[in-house]
Ligand code: PLP
């Protein structure tokens, strides 16, 4: 039996995906080889990569100027690769500081140009999304983290800006309807909402590239990956295959719009319990609450360990909060069933009554 997996990432995958992948590990599409054994330059794998790319274009309804890449290195590599490719040495990029992950992006960008921190919620331990910020019109781009995995905050409305918009969507990609064409570059590690660890989705407008004068190492130049169709070197075959299967599943469910409805239902159920249960309290400001990562604490921290143990007995795993926020964090990614949230809510109710 599967447990109720609320881990923040890597996290839950649809059962259909796991089942199909387990078969492919033994014999991929009747080839007599495992998916781990096939050559990446075979028509068999090319078909997987093409489908994974096309599904992203379709599910995000991307304009033709976008290239879809599946790269190595995690979202963390993108913190460096974006300014390396886009930001001139004497140029300025604006970043909104909404926590640990945006800070890591800021730190890398500073190695390549000037960084203007246009807004920050640091003073309140990142419990909200900054509402007041001004972006210099001279900025090469504005970078945001659409969902802040650690603090449980999420941009509900994308910022209006005249400069190109770049987003780290690692923890909410394809979890809601968005106008993805508002962006110049979007990136996301696949391991939360669209696959397994090992590949990173990068969507970039071709017209934004080739403008910096610095020399870019071959493997880090987006243009080389575009020219080579994400096969500049051996791609992470298995991880891309899992993404393709997950995207197929996502399409069958009705795409991002259907995910949004489901994710709102799941998050609504849990936030409702947090708001009415006297034992628990949400940490993020209500208007910025994330539908992906729900962070909450107890007014009696001495009961935390006991609650975690109780959850474990109920097959609820992965809800210990990040050390920077404490308490609990339940991650409700696309593949997490509504029933898992019901089980968690029941556990909260029962535990609270027992302790009353
Ligand atoms: N950005 C966000 C918002 C994240 O949540 C994470 C990881 O949890 C990362 C970036 C880092 O991703 P990776 O481990 O793929 O480098």
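Placement of Cβ uses the backbone N, Cα and C atoms for every residue, glycine included.
For 4-344, the entry in TrEMBL reads domain 'Aminotransferase class V'.
If you look up TrEMBL, you'll see 41 marked as L-glutamate binding site. Annotation for residue 41 (L-glutamate binding site): same-chain Cβ neighbours under 8 Å, separated by at least 6 residues, are 231.
The annotation pyridoxal 5'-phosphate binding site is assigned in TrEMBL to 75, 76, 101, 149, 168, 191, 233, 234. DSSP classifies residue 76 (pyridoxal 5'-phosphate binding site) as helix under the three-state reduction.
In sequence order, 8, 9, 10, 11, 149, 170, 171, 173, 292, 331, 333 make up the list of same-chain residues 6 or more apart from residue 192 (N6-(pyridoxal phosphate)lysine) whose Cβ falls under 8 Å from its Cβ. Annotated N6-(pyridoxal phosphate)lysine per TrEMBL: 192, in sequence order.
In the three-state DSSP reading, residue 168 (pyridoxal 5'-phosphate binding site) counts as strand. Mean model confidence of the domain 'Aminotransferase class V' (4-344) amounts to 97 (pLDDT, 0 to 100 scale). Taken in sequence order, the recorded positions 41, 76, 149, 192, 234 that lie near ligand 1, meaning a CB under 6 Å from one of its atoms, are 76, 149. The DSSP secondary structure for residue 101 (pyridoxal 5'-phosphate binding site) is helix. Ranked by how many other Cβ atoms sit within 10 Å of their Cβ, the binding-site residues 191, 233 place 233 at the bottom.
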